[in-house]
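Everything below concerns the one structure shown next.
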Amino acid sequence: MPKPVHHETRYQAGIDGLRALAVLSVIAYHVNLPWAPGGLLGVGVFFVISGYLITHLLLTDWTRYGHIRFKVFWGRRARRLLPALLILLAIIPFWVARVSPHDIPSLRQDELAALFYLSNWWYIYHHVSYFQSFANPQPLKNLWSLAVEEQFYLLWPLILAWFLPRIRQRPLLVAILAGLALVSAGLMALFYHPGLDPSRVYYGTDTRAFALVIGAILAVLTPTLPESSHKIRRRWWDTVGWLSLVAILAMIWRTNQYQPFLYRGGLVGLSVLSALVIRSLIEPGTVISRVLGTKPLRWIGERSYGIYLWHYPIIVLTTPVNSTTGLNGLLIAGQVALTFLIAAVSWRYIEDPIRRGALRRWWHHLQTAVTERTQWGTATALLTGLTVLLVMAVGGLSGWVEAATPAETPPPATITSIPLGPPLPPPPSPSGGPPPLTGQGVTAIGDSVMVDAAPYLEELLPGIVVSAHVGRQLYQTPPVVASLIANHQLGTKVIIELGNNGPYTTQQLIDLLNQLGPVQDILLVNARVPRPWQTIVNQTLAQVAATYPHATLVNWYAASANHNNYFYPDGVHLTPVGALAYARLIVDTLRHLVDQPKQWPGTFRHPVSAARRA
């Protein structure tokens, strides 16, 4: 929380420190650091901080003036948020036009939604997944959370102004707010379906509002605090604060956004923990407030808005999609440094001056100087510049760029599925020698990567049955398996290649393997996909393959390392060279298994349960 301009509230440096930790965790997630798979939980921490601070400001207004000064409140929010956003929306089209001009039309739509703080509903309405897209990622997708907050800023003062004169008992107001939070959390649990894309509940204002309301509850419970605190009380809140902060960091370290428990109470727990940390930070004299209030964290926290605005487009527009070399520490350092530099300049010359009234002073100077010709010219230039900035933000320079960019050649037609062949003949009876390696009795099930590899598999393994479809996810596969079984096309060796389009739970994979029945071998091919779920999918596959004797991991992730030529620019789909390498890896694995037949061990069980029985 930057220092208040009008000194109507006491500055809490520790809250800036908590804000710094939240934005750093989000950055760690977006650069795919392995120790922060739950880094997006930092957004939930931001929501609680905003709910607390905004409600505290509104309650202070109500106490001092007997009403909420809507014009003053919304004016401050606009001065704080709009200038930096307009600069971002004006600059990003130039950048995108340089690195990916064919994305300008979609960027124009995203910019318009962002300007009116409707990004989250725009993405929901157009079914834009936050997690699953092989198209060039939208550099403004992070603005969904700012849209949620701005919608809160617009509606919450009106709601609170209606409640306050009618509900004068604080416990009753807290109970009502808790009820609102429970409704929001209930909607999240209701709309969430394990195994499906969680973007609807992730984006929705209705399903994320509980975090903001929990912050508001904290503000209602702590309207004023003494300047000093008793030692026992300080120790109590220090203990609560440190334990809550450690729990938040543990969630960032150990969870990810695909785990069902997050949407069925986990994010509510995160919000409560965040509120407890904030409560410990506003208690006078606590150690945690001094630690989080140190200058480096305060510096980041004060500039966290600009850091959050810029970090995602910088990462998206500077990270090569087609890269098989793993984390690039030098690139990440450069991305973070550029983010901090732009945020620092934005804070120094745009955000802080404007929130302190620079626009009003500039306008006053212009009004008093219009009689002088030179200064009138200056005024005209400034007003013209602001107008151009707004037009650029709304239009995204799309018309200019489209006029200057030659029409692109439409991409060639893409095969979206592999038709199934005739039913497999019965496997030959065992003979004196091992049969030659063919595709007889082999079935492959996969997504678009399997579509790419299918011609090479059919050449190397004549007779193989390939069931592959673009965009296929594991939860869509049970009917496919049922059809293969009904048509006698499920062989004794089954290749499963799924996970490029989204993650799945261990139990979902186990259920699929159980559906296959008594097959001899199952080959689980892991993924190389430049998306956050890559690690989750590969860990799940490795865990299952290591637990069950007739499942074998095909390590495509390792085999494709340092082979950018295996992939098209999206970093997922295979070039002919990559498709051949992929098919050969599967064939080599099958060749290794042909002399080592395995027996079906029976029904699969969850690895944890199996370990406990052992």
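Using N, Cα and C of the backbone, Cβ positions are placed for all residues, glycine too.
Taken from TrEMBL, the feature domain 'Acyltransferase 3' applies to 13-347. The transmembrane segment feature in TrEMBL is assigned to 39-59, 80-97, 143-164, 171-192, 207-225, 237-255, 261-282, 303-321, 327-350, 381-401. Marked as region 'Disordered' by TrEMBL: 411-440. Feature annotation from TrEMBL assigns compositional bias 'Pro residues' to 420-437.
Ranked by the number of CB pairs under 8 Å to the transmembrane segment (207-225), the listed stretches 39-59, 80-97, 171-192, 261-282, 303-321 are led by 39-59. Taking every recorded stretch in 39-59, 143-164, 171-192, 261-282, 303-321 and counting its Cβ pairs under 8 Å to the transmembrane segment (80-97), the highest total belongs to 303-321. If one looks beyond the transmembrane segment (39-59) by at least 6 residues along the same chain, the residues whose Cβ comes under 8 Å of a Cβ in the stretch are 1, 8-9, 15, 18-19, 21-30, 33, 68, 73, 145, 148-149, 152-153, 156-157, 160, 208, 211-216, 218-220, 223, 248, 251-252, 255, 257, 267, 270-271, 274-275, 278, 308.
Looking at the domain 'Acyltransferase 3' (13-347) alone, the prediction's average pLDDT is 93.
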